[in-house]
Amino acid sequence: MPAVGGIGPANGKAYPGNLTPFVTITCIVAAMGGLIFGYDIGISGGVTSMDSFLKKFFPSVYDKQHADTSTNQYCKFDSQTLTMFTSSLYLAALLASLVASSVTRIFGRRLSMLVGGILFCIGAIINGFAEAVWMLIVGRMLLGFGIGFANQSVPLYLSEMAPYKYRGALNIGFQLSITIGILVANVLNYFFSKIKGGWGWRLSLGGAVVPALIITVGSLFLTDTPNSMIERGQLEGAKKKLIKIRGVENVDEEYDDLVAASEASKKVEHPWRNLLQAKYRPHLTMAILIPFFQQLTGINVIMFYAPVLFKTIGFGSDASLMSAVITGLVNVLATLVSIYGVDKWGRRFLFLEGGLQMLICQIAVAAFIGAKFGVDGEPGELPKWYAVVVVLFICIYVSGFAWSWGPLGWLVPSEIFPLEIRSAAQSINVSVNMIFTFLIAQVFLTMLCHLKFGLFLFFAFWVLVMSIFIYFFLPETKGVPIEEMAIVWKNHWYWGKYIPDDALPHVANGNLEMGYGVKSV
Ligand code: BGC
């Protein structure tokens, strides 16, 4: 387990408690909620490059691809119908996450996970047996609803459950599951696409029932978080739970702080409207900008379209699916690095290092593709070393994302909101994430066609902007208990002015602790 860095007893709160087997297992099970999201991200790109799938559901796309004799590689796959299939899910997820906000707050985090698992399961079955496009779309909408519920509740669950010193590592279990889901899906696509008779896509799409069952059954065994139990008035149960989770008898201090946070949260009747108050300005800004920036790294261009992209660069169809497997593997392994480092080196370091790494790689990929394909998209003969170098840079880029914006895009929003707005703000995080995932999925092929290699420079520009933003505006949150986060904002050079003194946890008893939070700049 990662060593604990940052704030110790001398300059902040240090609740007693261990990384108990109970909390570890609970968090592993909950984190598996990420599998459904990851499986879907990985499966869609591969399935839409299978000829048998296209012939059955999107014959015009298939015909166009095969009739296209132009050698302009940038525009070969530009089809709105096909991208609509991939991206429809994200609109459904967006809507579901808004509904999930109330379910998560009123009925607990666990119920949202259960609902998510069940909806996803039904969607997967419909897709596996699909005979017509409408079945595909209905199935994908159900998958989207499932993801909306899971992504809204799982990160909150993990951040509340974890002892604060290990919160980063345990929360990133969610992103690890996402990456494992993507990898497994890529590998399965590779093999299923080879099935004679061309029905392998049914296994790819139907296979989603497996991760769906894991989270559905898993959530039946999970217990709710003490924070959520207190929020729902189950005080006695919450205390017992906290003792069990932390593995120590003396949980009074943490318990009292949870109750205090819950009292404060009870005064808030309209979490959505409240989000507009000035004192939540930093939180609202992060709930919108972090997922927006995460998608503007361009990662899903690789995740959804790696096979198509690699085909464009000149790989055969088999080799391009294979390269998607390689990037998938890099994605998983690099996520482990952030599990190791996030509570040690902190969030800001990972954000900034990962950003720099992505920036360099995007410029390099743009230069390589630009040099060979030019503006007319006609590469001529491509040497093998060339493709290898491009894949190498894409892998370094993916690893940069996988230890920065990937996991932190879910971790940071789940740990910075006060309890009273946590569920609503997390829904905003998920919705913004989904809408930009949708937009990128929807416009990527058109953008490639028009911007050509400049597309990579477009994303490079955004990575630069987001890194500057993090440098100036995101305070470090490692090692700070979740219900104490107000102090971090109060200490920030810019956001401090928005946080009223009575929002601070200990001001009431004259015990204001200002030890948290490094002044960022
Ligand atoms: C993002 C996804 C992305 C995945 C890649 C997640 O954190 O939200 O959009 O596809 O990481 O690993």
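Glycine too: its Cβ is placed from the backbone N, Cα and C atoms.
What TrEMBL says about this one:
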type: TRANSMEM; residues: 19-39; note: transmembrane segment
type: DOMAIN; residues: 26-478; note: domain 'Major facilitator superfamily (MFS) profile'
type: TRANSMEM; residues: 82-99; note: transmembrane segment
type: TRANSMEM; residues: 111-130; note: transmembrane segment
type: TRANSMEM; residues: 136-158; note: transmembrane segment
type: TRANSMEM; residues: 170-193; note: transmembrane segment
type: TRANSMEM; residues: 199-222; note: transmembrane segment
type: TRANSMEM; residues: 284-308; note: transmembrane segment
type: TRANSMEM; residues: 320-342; note: transmembrane segment
type: TRANSMEM; residues: 349-373; note: transmembrane segment
type: TRANSMEM; residues: 385-406; note: transmembrane segment
type: TRANSMEM; residues: 427-447; note: transmembrane segment
type: TRANSMEM; residues: 453-474; note: transmembrane segment
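385-406 is the stretch from 82-99, 136-158, 284-308, 385-406 with the greatest number of Cβ pairs below 8 Å to the transmembrane segment (320-342). Contact between the transmembrane segment (19-39) and the transmembrane segment (453-474) does not hold: fewer than three of their C-beta pairs are under 8 Å, each pair 6 or more apart in sequence. Among the recorded stretches 111-130, 136-158, 170-193, 349-373, 427-447, the one sharing the largest number of Cβ pairs closer than 8 Å with the transmembrane segment (284-308) is 427-447.
The predicted model assigns the domain 'Major facilitator superfamily (MFS) profile' (26-478) a mean pLDDT of 88. Segment contact holds for the transmembrane segment (111-130) and the transmembrane segment (199-222), given three or more CB pairs below 8 angstroms at sequence separation of 6 or more. The transmembrane segment (453-474) makes no contact with the transmembrane segment (136-158), as judged by fewer than three Cβ pairs under 8 Å among residues 6 or more apart in sequence.
Remote same-chain partners of the transmembrane segment (170-193), defined as residues 6 or more beyond its termini with a Cβ less than 8 Å from a stretch Cβ, comprise 23-24, 27-28, 30-43, 46-47, 50, 154-155, 158-159, 161-162, 200-201, 203-204, 207, 211, 303, 306, 321-322, 324-325, 328-329, 331-332, 335-336, 338-339, 342, 402, 406-407, 410-411, 414-415. Beyond its flanks by at least six residues, the transmembrane segment (349-373) meets 73-74, 297-298, 313, 338, 341-342, 379-380, 382, 386, 389-390, 393-394, 396-397, 399-401, 403-405, 408, 452-457, 459-460, 463-464, 466-467, 470-471, 474 of its own chain at Cβ-Cβ distances under 8 Å.
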